[in-house]
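Scroll down for the structure; my scribbles are underneath it.
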Amino acid sequence: MKNGLIIINCIILTIGTCGGPLLTRLYYTNGGKRIWFMSFLSTAGFPIIIIPLFSSFLSRRNRNRNRNRNGNNSENAEKTNLFLMETPLFIASIVIGLLTGLDNYLYAYGLAYLPVSTASLIIGTQLAFNALFAFFMVKQKFTPFSINAVVLLTVGTAVLALHSNGDKPANETHRDYVIGFLMTVIAAVLYAFILPLVELTYKKARQEITFPLVLEIQMVMCIAATCFCIVGMIIDGDFKVIAREARDFKIGGSAFYYTLIVITGIVWQGFFLGAIGVVFCASALASGVLISVLLPVTEVLAIVCFREKFQADKGVSLFLSIWGFVSYFYGEYKSGKKVVDKHQPLETELLSLQVSDSVA
């Protein structure tokens, strides 16, 4: 069950990590200019989570009905709560959600003035900060393989940075480029802090963390982040110009514009849901590693979709990222195998004792 959840969340995270930046940049390159609106779309797809949450509620209710029937005791009948989340966890989710909303704005601002490839290489630096925060906040244990992965992925990002100066779009000023660069750096550091904070919240929660509860946490976080961005949209006057922006969109007109908006919201929701799901199934570091290894893939897709430059450095970075990814998960496999091998002699010994007792 857990392995299945890991695979599903990794697939969802892959789609979100690669697709989200490309769709956002497609919006900007074809006449879109509303940064708060793009920040809003990063988490506005949260209603999708209602579908699995409602399915989980129906499943719990059916199980409780069967238990109550078998118990034949109507007075002690177990009730099915619509929500599993308790108040402390609810408050923590709101706080993390507000931080996520701020992070969405910083990243959307950066993508408005940077190529996808440059934004991706900056976001790649989050892994080093992620490892640092995870070490101090959740006592993340490092193995030679995980250290090797962090080093390789960080070096891969540094290699990409060698040619970042030549990636400035022709229609952007140097000032806008620098501000976008700094905003993206802050976004990378902030998200590197958010992932371990989510893991710490899981560990400090006074209730059992199940995957349906993780979905509830994600929904509350996204609602808080979306509300944060709506306030920004109101202040910036986004609601007054969206209809005009849709009419003036360079490709496909209004129909394509609104289709792009809906798909962007769904894909970004996949990113956040996948990231928090990997934290639940594995760790914050695992989520950070997966995001980092997918950034060069996003670079390749940006080169294909937006005809961005591809230097040899990007090929080297892609190779180092894949190497780091394999190193990390091979280390996890070895660690899991050692645990299994350690318990097998004890299980064999207990089995032999049971057999000898039965013979006696």
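In case you wondered, yes, glycine gets a Cβ from its N, Cα and C as well.
Bear in mind that TrEMBL entries carry predicted annotations, made automatically and left uncurated.
Feature annotations, courtesy of TrEMBL:
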type	residues	note
TRANSMEM	5-23	transmembrane segment
TRANSMEM	35-59	transmembrane segment
TRANSMEM	80-100	transmembrane segment
TRANSMEM	112-138	transmembrane segment
TRANSMEM	145-165	transmembrane segment
TRANSMEM	177-198	transmembrane segment
TRANSMEM	210-235	transmembrane segment
TRANSMEM	255-278	transmembrane segment
TRANSMEM	285-304	transmembrane segment
TRANSMEM	316-333	transmembrane segment
Between the transmembrane segment (255-278) and the transmembrane segment (112-138), are there three or more C-beta pairs closer than 8 Å, counting only pairs 6 or more apart along the chain? no
Which sequence-distant residues neighbour the transmembrane segment (80-100)? Criterion: at least 6 residues beyond either end, Cβ under 8 Å. 43, 57, 60-61, 64, 190, 193-194, 197-198, 201, 205-207, 210, 212-213, 216-217, 220-225, 228, 272
